[in-house]
Amino acid sequence: MTPFFCVALLTLLWPAEAIQESTINKEPSCPTDLSIRGGTFSLSDGYRPGSILLYSCPPGNYPYPTRSRVCQSDGKWTPMTSHSGIPTNLAQCRVIRCPPQSAFEHGSFSPRRSSHPVGDILTFECFDGYQLLGSSQRHCLPNGRWNGTAPVCDDGVGHCRSLAIPPGATATGVRNRLGDRVSFQCQNDLNLVGSAQRVCTPEGEWSGAEVSCRAPNLGRRLILSKDTFLYIYLLVDASEIAWVPRHVCIIFLSGLLSAPAVASLGSSPPQIASFDVPVKFSIVSYASQPKTVVDILDEVAEDPELVLEHIEAMRYRDHGNATGTNIHGALEAVYRMMISVQASFPGQWDKIRHAVILFTDGKSNMKGSPKMAVSKIEDFVNVRENRKDYLDIYAFGVGSLDVDWNDLNAITSKKPGETHAFVLKDPQELKEAFENVLDPRDLDDICGLANYSDSARWDQKNPWHVLLKEKHQREPSCRGALVSKTWVLTSAHCFNAVNNTSSWTVILGGGESTVPIKRRIDHALYNVRAKVDQNIKEFYDYDISLLELQTPVRFGGRIRPICLPCTEGANQALKKKSGATTCKDHELELLSFEKVPAQFISLDNRRMNVQIKTKTSRPSCISGAIQEGVPYSQVHDVSEVVTDRFLCSGEDNAVEATTCKGESGGSLFVERRERHFQVGVISWGTYNPCKMKKKDWNTEEIKRDPPPPKHRPRDFYISLFAVQDWLRQHLSGSLRFIPLQ
């Protein structure tokens, strides 16, 4: 890798301050009288032709009128123009503000300003006879965007709902009759994201994608489906102007695969590597001409590690002196590959989803319009109304060079509620791209997925977790785990005094969905009073129950099943060979350690860490069930209350979490290969740390009090490996099980 490439790479991925100006040439080619009012600047290669000038501003400010410039071969910096098109020599840092609301049909809003400072609040009201759709209040965020959704006043009489006019935009032809067209335009300093013109269709929906005026951002996900294939075409700009380093492509592809290259970017959602979806990759490097690095039909295309190796071996000098930007040619290379795929696999063609991901500066300057190539691809994939999800074209403006947003937006797919064009300026924005790129909505058999992104809600991080509540209860009294579209696994003792569960509901997705219980199936051998004659008032062996939901749930980001061991879904998640793996193999895989790290979900929806004690650690753990001060302290043989069907957690030094009353029925789960497997159901414990129900007023978290002196907290869970016959008896219609032995 050349020294200059290293500098250009750092320029793209890290703040401008990281580039030292010690590389400045003593004999400059471009003028040296550079400055930015209120900020600083840095250079990638001094004042030599090709050097990149980056302007930086303090937090809350942005460089105006441009973020970067290039030293051209004629010894001049690329010119600067104001948003109105007037040439200027003054670069300055301006305060970030949100765009104004220019119009609000059939209603009023306040305050009215030419722009809004961060923290400002817009309030909307509709006139009598109109219903407010969207956000009644919107806050100006530090990134210069409004939160919430654009509001609109609708009278309900039009063929289509009234269209909202977003801040910073004007609209012409605002009607909602069949066939009406509405055109949008953003003010000069804002980019239009979405469809500039929308039509009211016979279906009562507006064509195209929702409009906003803002800086670009990724809001679209690749849809994965269990019965389809995913082909990803990565097009990497290698032109002299763009300087898009292969390292960005490496990081992006690594992010899709959840490879180590993205570890430094922080937490991330589950990636392609954790899905059971056939994926192939193609790499095309382009300058004046495209160069196919990995063809989609190559054997290498199926091996992500080998694909990464090919990207790492890429060099810009592979294109010689050809320094143009031929986006049309790169897309034509994709088109030709698609023709070959259809010819090679005619029976699979209609099941293949295609994602074209273009890394560029958006400035195509050779060999025809990229839009023409896009149209050919769309026609070939046969993107009709019911096949829109089979093609997604993204354009990533990479780096700090100014991106031609209109050109970038024109290349990409246009779909309602989605954005396919965005700009990456730093690692954080690259990380945010990973957090949104995959959508496993159609993967019904994919279990145990979780979203680890920083922006994810607790229910997205634990989408299988459910709450159980009787209609007269103020709060849910038990928890459970979704194991299929129609079944929830929980504890039988949650219903000790309940014969009829018709007044009970299951709360899923953090309250997104509430479903009545159709029927309850307790384990036939559960009997809490089975040993009353032995002075054991409560006996929790076989404390497990299945709840059938009144209606099947729809899986999504906030509602998804956990993996049950010994099922085909879990077998695929563990990457085990189908037909050659048994339930015993799963037990050895998931509970193989002396002390197995595991987790459960707390009352306040946090993950709590425990260790399942197995093998030689188990006897000491279960002995805590009959320690002094607990209800079973008079029992001499611990096996009378803790049978082989229980798993045990708890440390003598009390460093592990302890379950609270109300957490019964929840899942005890372990993580393997970025998937989550339930191994037990919370049954009972020796100590309730939430008895006082105290909360931390700052975090709203429930305070879990430490145990009394000398007490050794223990928690017990029904092992799912110990009740396999019962699970198979009742779930075989919903889940596919593998052999026991």
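Here the Cβ of each residue, glycine as well, is placed from N, Cα and C on the backbone.
A TrEMBL annotation is a machine prediction, not a hand-curated record.
Annotation comment: TrEMBL describes 1-18 as signal peptide. Under the heading domain 'Sushi', TrEMBL lists 28-95, 96-155, 158-215. Annotated disulfide bond per TrEMBL: Cys126-Cys153, Cys186-Cys213, in sequence order. The domain 'VWFA' annotation in TrEMBL covers 231-437. Annotated domain 'Peptidase S1' per TrEMBL: 446-732, in sequence order. Per TrEMBL, the feature active site, charge relay system maps to His493, Asp543, Ser664.
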DSSP says Ser664 (active site, charge relay system), in three-state terms, is coil
Within the same chain, the residues at least 6 apart in sequence whose Cβ is under 8 angstroms from that of His493 (active site, charge relay system) are Val528, Tyr540, Asp543, Ser664, Ser683, Trp684
Cα of Cys186 (disulfide bond) to Cα of Cys126 (disulfide bond), in Å and rounded, measures 24
Cα-Cα, Cys153 (disulfide bond) versus Cys213 (disulfide bond), nearest Å, comes out at 20
Using DSSP three-state counts, the residues of the domain 'Sushi' (28-95) come to 0 helix, 29 strand, 39 coil
Whole-number Å distance separating the Cα atoms of Cys126 (disulfide bond) and Cys213 (disulfide bond) is 23
Cβ density check for Cys153 (disulfide bond), other Cβ within 10 Å (all protein chains) comes to 21
Sequence-ordered list of residues in the chain of Cys213 (disulfide bond) that lie 6 or more positions away and have a Cβ within less than 8 Å of its Cβ, or none, is Pro99, Pro166, Pro167, Gly168, Ala169, Cys186, Gln187, Leu190, Asn191, Leu192, Val193
Rounded mean pLDDT within the domain 'Peptidase S1' (446-732) lands at 92
